[in-house]
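**Student:** Let me begin by handing over the structure; questions about it come next.
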Amino acid sequence: MTNIIRQFLRQEAAGGLILIIAAAIALLMANSALQGVYQSFLDIPVSIKIASLDISKPLLLWINDGLMAVFFLMIGLEVKRELMEGSLAGRDKAVFPAIAALGGMLAPALIYLLFNGADEVTRQGWAIPAATDIAFALGVMALLGNRVPTGLKVFLLALAIIDDLGVIIIIALFYTQQVSLQSLGIAAAAIALLAYMNWRGVGKTSAYLLVGLVLWVCILKSGVHATLAGVIVGFMIPLHTQDQRSPSESLEHGLHPWVAYLILPLFAFANAGVSLQGVSLSGLTSLLPMGIATGLFIGKPLGIFTFSWLAVKLGIAKLPDAINFKQIFAVSVLCGIGFTMSIFIASLAFEGTDIALTTYSKLGILLGSTTAAVVGYSLLRLVLPAWRKAVNVR
């Protein structure tokens, strides 16, 4: 396993543990005497005014639209690297996790629609259980230390990256509301400039980020979700230049600690604080949260494992070396941890609707993700080999 992937896995695992702490603090604050402090923090007004440009939003939306764009920038960099040189480079490496990820998105969405397909409003949340939170999943996996084979970690990483790419496409196609053609036109010009810079071999990361900032503002104003700007910029930054530098790798290396230890935990803190006041058992067991929880806990492993098994049996893909189907099933349960990505989609799906929909959707996400984490961890403990003693070389 390359040093890049090894470092990535370490940071994601540690970041996942911080995510858990941030979410727990948010839940405690939202259901204690500190609820007012918590809400006031999220409602802090933040404005940027440059000439005729005026962007005014509460802190919560700056986190969701701004900081999450940085997260998606890193996702774009990761996906490009893995497609060109990493665990997804070449057909043989990419097919197995790609098919698994496809099943892991389709089955949860279909199960959700079985619960909520008849309701025009809640139907909009069909993509909520389709997401996997890679940081959380790797954080749980890290609890088992060196018992986890390297190939299994890389499989989870590749599957989650493809899953992220699928979620990005879903956001672009299904969660875009009113569109400003003027802003989209300027955004298209910015994308064309980024593509030209890439073609000409421009290696200055700052130049891409400056154009990317313009792109972010244009996409934000266009009505398309602004986080997509991050993905586009990530794909446009060169992986290598003529002088053998890697602007993409350098930026990813610099961003990763900020994303793992600050941006995602801050997003979790800002969005996981669900007030349980007024929440009833009948509401918690209603179709919306049950559809999400069932989609995550049942749909994810059903889709990932079934599609993986069929791909191998039909000769479409090969099972990675030193991995068996018991381990694949355990990891597929772990992929039911949707958390940050699912909460992000829920905020888009039910934006401007009854606040109760967002509340119960988050509760469904927490229920499904927690169950998947506990059961997935327990299954991994059963199917993985015994602890391997570390060998010190002197």
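Every residue gets a Cβ built from N, Cα and C, even glycine.
Below are the features listed in Swiss-Prot for this protein:
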TRANSMEM  14-34  transmembrane segment
TRANSMEM  59-79  transmembrane segment
TRANSMEM  95-115  transmembrane segment
TRANSMEM  125-145  transmembrane segment
TRANSMEM  154-174  transmembrane segment
TRANSMEM  179-199  transmembrane segment
TRANSMEM  213-233  transmembrane segment
TRANSMEM  254-274  transmembrane segment
TRANSMEM  292-312  transmembrane segment
TRANSMEM  328-348  transmembrane segment
TRANSMEM  363-383  transmembrane segment
**Student:** State the non-local partners of the transmembrane segment (254-274) in its own chain: residues 6+ outside its ends, Cβ under 8 Å from one of its Cβ atoms.
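**Tutor:** Tertiary neighbours of the transmembrane segment (254-274) are 7-8, 11-12, 14-15, 18-19, 21-23, 25-27, 29-30, 38, 42, 59-60, 63-64, 67-68, 70-71, 73-74, 77, 135, 339-340, 343-344, 347, 359, 362-363, 366.
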**Student:** Sequence gap of 6 or more, Cβ distance under 8 Å, 3 or more pairs: do the transmembrane segment (59-79) and the transmembrane segment (154-174) meet that?
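**Tutor:** Counting Cβ pairs under 8 Å, at least 3, so yes.
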**Student:** Does the transmembrane segment (95-115) make contact with the transmembrane segment (125-145) through 3 or more Cβ pairs under 8 Å, each pair 6 or more apart in sequence?
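**Tutor:** They are in contact.
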**Student:** Hey, which bits of the same chain come close to the transmembrane segment (363-383), Cβ under 8 Å, at least six residues off its ends?
**Tutor:** 128-129, 133, 136-137, 140-141, 143-144, 148, 272, 274, 279, 284, 288-297, 300, 324, 326-327, 329-331, 333-339, 342-343, 346
**Student:** Counting CB pairs under 8 Å, which listed stretch among 14-34, 154-174, 328-348 touches the transmembrane segment (213-233) the most?
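**Tutor:** Top-ranked stretch among 14-34, 154-174, 328-348: 154-174.
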**Student:** For the transmembrane segment (154-174), give me same-chain residues lying six or more residues beyond its boundaries with a C-beta closer than 8 angstroms to one of its C-beta atoms, as numbers and ranges.
**Tutor:** 1, 5, 8-9, 72, 75, 78-79, 82, 87-88, 93-94, 96-98, 100-102, 104-105, 127, 130-132, 134, 137-138, 141, 224-225, 227-228, 231, 304, 320, 323, 328, 331, 334-335, 341, 345, 348
**Student:** Given a Cβ distance threshold of under 8 angstroms, which distant residues of the chain, six or more beyond its ends, lie next to the transmembrane segment (179-199)?
**Tutor:** 207-208, 211-212, 214-215, 218-219, 221-224, 229, 232-233, 236-238
